[in-house]
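Visitor: I'd like to ask you about the structure that follows.
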Amino acid sequence: QLDPENTGFIGVETFASLVHSHELPLDPAKLDMLVALAQGNDEGQVCYQELVDLISSKRSSSFKRAIANGQRALPRDVLLDETGLGFYKRFVRYVAYEILPCEMDRRWYFYQHRTCPPPVFMAAVTLIQIIVFLCYGARLNKWVLQTYHPEYMKSPLVYHPGHRARAWRFLTYMFMHVGLEQLGFNALLQLMIGVPLEMVHGILRISFLYLAGVLAGSLTVSITDMRAPLVGGSGGVYALCSAHLANVVMNWAGMRCPYKLLRMVLALVCSEYLGGHALQPGASGPQPSFMAHLAGAIVGISMGLTILRSYEESLQDQCGWWVLLLSYGTFLLFAVFWNIFAYDLLGAQIPPPP
């Protein structure tokens, strides 16, 4: 009756009167979003399909584009003005303002957030790193600079150029750490930055970003420093940190996270400290490589920015995403051939594996 020509659209005033007269049990937050969406098109009409997507908690890229191109102001106050929230909902709101630069995205995330699945990837990686560190610390009776102990480098998890045929080492080195200092910094940054990112963007995107940084770090070291063993998860940590910091800088005006300037300075200081530690001269034991840090940062800034700026949108529909994947795949292919042939062709003097 409201759409006799079967166009799929009705006026926003008609829809509002329909909701009021029939007392439809619609979520007020979703209703606000639907009105804001209607304000984004020239006719000011409500689309039936968008209504279905909204009620079923789905949002297409066309939905977000309509919001971005239309009127961003919502009928209600901003999310920060919500009162009477419990501890967990306040934490979710904090994460929304920490990660997302757009008020519409923040409200969408806040009202659609579910506790299942929980952000288990970063927590699991950090827990495994701590367990491995404690096991080797107890076994070697050495809690600082464990890599100075010869038995430490015999671990099947450490990357060593003499064992490069064991491909799993290019990833598992992230579970080994130089000492308590490096483990503490990495674990802190992973939990403070990685967990909120995983809560918003999901386990698949953040785990891919983290592991891509780890893999890029070890392969870059195998190309640039063919004699160096490698330990530490700094490649993945740098991928997360650089992606988040780049996202904050790119959306500086829209970010509403508290003390964002101070927190950026602290994050940069921590990153510089870890990088300086990696470049310590005169260290006889293997140290985490500066090139692994650099490779992780490059992965984070390039691939991570695309992931973090595409909240609730399909990456497969974006040309830039495929360009980045092609570039990363080309680098992986080059690094694999380098590790197969270059060592013999260049006559590299590899230190004997432990």
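Every residue, even glycine, has its Cβ placed from backbone N, Cα and C.
When I checked TrEMBL for this same protein, it listed these features:
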- 120-139: transmembrane segment (TRANSMEM)
- 166-309: domain 'Peptidase S54 rhomboid' (DOMAIN)
- 170-191: transmembrane segment (TRANSMEM)
- 203-223: transmembrane segment (TRANSMEM)
- S234: active site, nucleophile (ACT_SITE)
- 235-254: transmembrane segment (TRANSMEM)
- 290-308: transmembrane segment (TRANSMEM)
- H293: active site (ACT_SITE)
- 320-341: transmembrane segment (TRANSMEM)
Visitor: For the transmembrane segment (320-341), which recorded stretch in the set 120-139, 170-191, 203-223, 235-254, 290-308 gives the largest number of Cβ pairs separated by under 8 Å?
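Guide: The stretch with the most contacts is 203-223.
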Visitor: Six or more residues beyond either end and a Cβ under 8 Å away: which residues meet both conditions relative to the transmembrane segment (235-254)?
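Guide: Those are 99, 101-102, 125, 174, 186, 189-190, 193-194, 197, 206, 209-218, 260, 264, 267-268, 271, 292-301, 303-305, 307-309, in sequence order.
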Visitor: Tell me the Cα distance separating the residue listed as 'active site' from S234 (active site, nucleophile), rounded to the nearest angstrom.
Guide: 6
Visitor: With every protein chain in view, what's the tally of Cβ atoms within 10 Å of the Cβ of S234 (active site, nucleophile), excluding that atom itself?
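Guide: 32, counting other Cβ atoms within 10 Å of S234 (active site, nucleophile).
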Visitor: List, by number or range, the same-chain residues at least 6 past the transmembrane segment (290-308) whose CB is under 8 A from its CB atoms?
Guide: 99, 197, 201, 205, 208-209, 212-214, 216-221, 224-225, 230, 232, 234-244, 246-247, 250, 271, 274-275, 278-279, 315, 318, 320-321, 324, 327-328
Visitor: Counting across all protein chains present, how many other Cβ atoms fall within 10 Å of the Cβ of H293 (active site)?
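Guide: I count 25 other Cβ atoms within 10 Å of it.
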